[in-house]
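Taking it in order: structure first as structure tokens, then the write-up.
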Amino acid sequence: MLKGRNLLDPMDFSLEELEEVFKLADEIIEEPEKFLHLCDGKILATLFYEPSTRTRFSFEAAMLRLGGQVIGFSEPNSSSVAKGESVADTIRTVGCYADIAAMRHPKEGAPAIAAMYSDIPVINAGDGSHQHPTQTLTDLLTIRSLKGDLSNLTIGCCGDLKFGRTVHSLVKALSRYKNSKFVFMSPEELKIPDYIRKEILEKNNIEYKEVSKMEDAMAELDILYMTRVQRERFFNEDDYVRLKDSYILDGEKMKYAKKDMMVLHPLPRVNEIAYEIDQDPRGCYFKQAKYGMYVRMALIAKLLGVR
């Protein structure tokens, strides 16, 4: 039973509970008109302390398509946060008006703090460079829908693996499925964090390797998960400029890939995926964005207990 629960980390739900969410998402995709009034009278609060396009719009569209309403802010300067209000006080106040909240915050752990003080379910919509569990649900639903299974996959993660919260959450989630293998491709300065390597991969005897060239790994991958180098995580502009074009996926590199490999990207992209890949049927990142709305519809319905 997911009613009243928070989603702060992809490990918060068991595999069985994740499957519940995915099955409901399948139903919504199949017959969306059946769910147009599921959340009549319910309100979602979107508390976005960091810029967002896809995640915020996806949450808002999800609630509106369920018949609910949305309140919130898209940057903290438009709220009492600008006056120094704490996360704890903000969520207590928002809980007086809304039935569920989605929070994005630049500080790691801020949504978890909010959940401690909240009377309504809190969804982590991304906290610093830590976790992004609803993007992970999006990724898993996309893979499950297009591949048919989440087991026995070799997943390549490429780009900013140090600050890339979507990668951290995805590795944690897929590590629970049978025979997952990982290949990490990144500049030395942006390697996967030690806590992922030691606490998730090595602790659970999950096979992984790190390579410097994309071409060295492409042939074995079932999934290639591309990420951008995030300018907003750098203190030094020179470092960003030096690293931002380290890995670029283009048609030449795709020649090494399996015919059924999937290219995913949490978006936004900068130039790490060439536009020519948009015409390749293996480029699934815009399908992935659409699945994001459906899985958030299912998640909201489950946490509110209306399904």
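Placed from the backbone N, Cα and C atoms, the Cβ positions cover glycine too.
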Of the candidates R65, R104, R282, the one that Swiss-Prot places in the carbamoyl phosphate site of R54, T55, H132, Q135, L267, P268: R104
Using a 10 Å cut-off on CB atoms, tell me which of the binding-site residues R104, R165, R228 is the least crowded. R228
Do any residues at least six apart in sequence from Q135 (carbamoyl phosphate binding site), in the same chain, have a Cβ closer than 8 Å to its Cβ, and if so which, in order? T55, G126, R165, T166, S169, L170, P266, G292
State the Cα to Cα distance, in Å, between R104 (carbamoyl phosphate binding site) and R228 (L-aspartate binding site), rounded to an integer. 19
Have a look around T55 (carbamoyl phosphate binding site) and count the other CB atoms within 10 A of its CB, chains all included. 25
